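What follows is one structure encoded as structure tokens, with my remarks underneath.
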Ligand SMILES: Nc1ncnc2c1ncn2[C@@H]1O[C@H](COP(=O)(O)OP(=O)(O)OP(=O)(O)O)[C@@H](O)[C@H]1O
């Protein structure tokens with residue numbers, strides 16, 4: 001009897017709370033506005049104070065979206081710089097139990113224990129916020145945080161395409177970068193946040209999806225730690241792990257690219273896709289900052305970024321130090337797609353993405369912002385283990401030869417690669 005009274009009362013209270021929440025009577029809109037005011041986003045104009053005005057709110061299965069008109073004198077960046085303040089404010093221990101939570105509860109004699117577990121889970125749950133701007137400030141509050149690790153699985157492979165997964169959004173959408181559409185890619189992020197991991201994933205997927213058509217130039221200026229295992233894959237045409245040989249590699253790539261460029265353009269086509277050429281060459285540079293002092297090298301990189309799109313020479317340019325010197329504006333202009341993991345300053349975020357935001361990402365490896373010319377997504381990149389990489393690339397590895405023989409076979413492959421296979 002006592003159990004029934006207690007459980008009915010507790011359950012009833014929670015149900016009322018959950019009902020008001022569902023009806024939008026108890027959402028975060030007021031709190032967000034208060035945090036905005038208290039964190040200095042109001043604008044004083046003589047006697048008047050202009051605040052951020054809520055225009056619309058809508059509930060989705062993942063949480064809430066709020067749209068605000070921002071006062072004159074404020075920019076989107078002012079709000080983006082307060083992202084952490086907003087997030088911490090919303091997470092300051094006020095936890096909400098929803099209908100979905102209640103539905104998942106077992107209504108048996110363990111109801112009190114079940115409620116306790118639910119409450120404990122709620123205490124450790126963290127809401128995440130995303131900001132965007134389309135004339136109105138958009139604040140998306142997600143009930144559940146993105147997972148901190150999402151493992152790669154072979155369902156992500158798309159055979160015979162140049163499309164690779166970059167990450168998963170909170171809505172469960174898989175964001176892919178299609179090199180035949182967006183061509184080159186800049187990847188940046190502070191040390192230890194997943195640049196090499198995504199480079200290895202992209203390289204593995206390109207080899208597996210297009211084993212006969214992909215050609216790789218791997219420039220690994222971190223001493224070879226990222227790309228060494230791919231070195232003897234038959235798809236690897238050039239490999240370098242020091243700035244001096246990187247110059248040689250890039251010069252050869254530029255010469256090859258020139259031939260492809262002339263072949264495509266002289267045949268009256270816009271690019272390799274239109275010319276129905278199957279081969280694509282990827283120049284993947286891990287730690288481009290180590291090349292930035294060499295003017296000649298940087299000129300070649302800029303040339304690849306500019307003309308490679310037609311010639312089928314795609315650049316993946318990765319750096320831990322995103323400054324204007326490391327990513328020159330001409331290179332940037334030709335590389336629309338960017339993937340930025342956590343960086344330490346808003347200046348670094350702006351260099352990569354042309355806006356702040358990557359400096360406000362949580363300190364989670366693989367958490368990044370991917371931007372192409374259409375959209376911007378916050379994603380968690382898939383993670384592939386070295387063991388899985390090894391299994392996938394094993395059939396593509398050619399037997400290690402003596403270095404002299406390797407040079408010869410590299411030369412042979414070089415000659416082969418000039419011939420383009422057409423449909
Ligand atoms: N997508 C991911 N999901 C989960 N964990 C990841 C992910 N990417 C990387 N990590 C973890 O972070 C570690 C560091 O990643 P990685 O070596 O790619 O960083 P990095 O940015 O290349 O750093 P550095 O510039 O210092 O080489 C990995 O060993 C792995 O444990």
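Each Cβ is built from the backbone N, Cα and C atoms, and glycine gets one as well.
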In TrEMBL, one of 374-398, 399-423 is tagged region 'Disordered'. Which stretch would that be?
399-423
Taking ligand 1 as the reference, state which of the binding-site residues 190, 193, 194, 195 have a Cβ closer than 6 Å to one of its atoms.
193, 194, 195
Within 10 Å of each Cβ, count the other Cβ atoms, then let me know which of the binding-site residues 189, 192, 194 comes out lowest.
192
Can you tell me the three-state DSSP label for residue 195 (ATP binding site)?
helix
Within the chain of residue 191 (ATP binding site), which residues six or more apart in sequence place their C-beta under 8 angstroms from its C-beta?
320
Express the predicted model's confidence over the domain 'FtsK' (172-350) as a mean pLDDT, rounded to an integer.
93
Give me the count of other Cβ atoms within 10 A of the Cβ belonging to residue 196 (ATP binding site).
20
Other same-chain residues whose Cβ falls within 8 Å of the Cβ centroid of 189, 190, 191, 192, 193, 194, 195, 196, the recorded ATP site, in sequence order:
320, 341, 342, 365
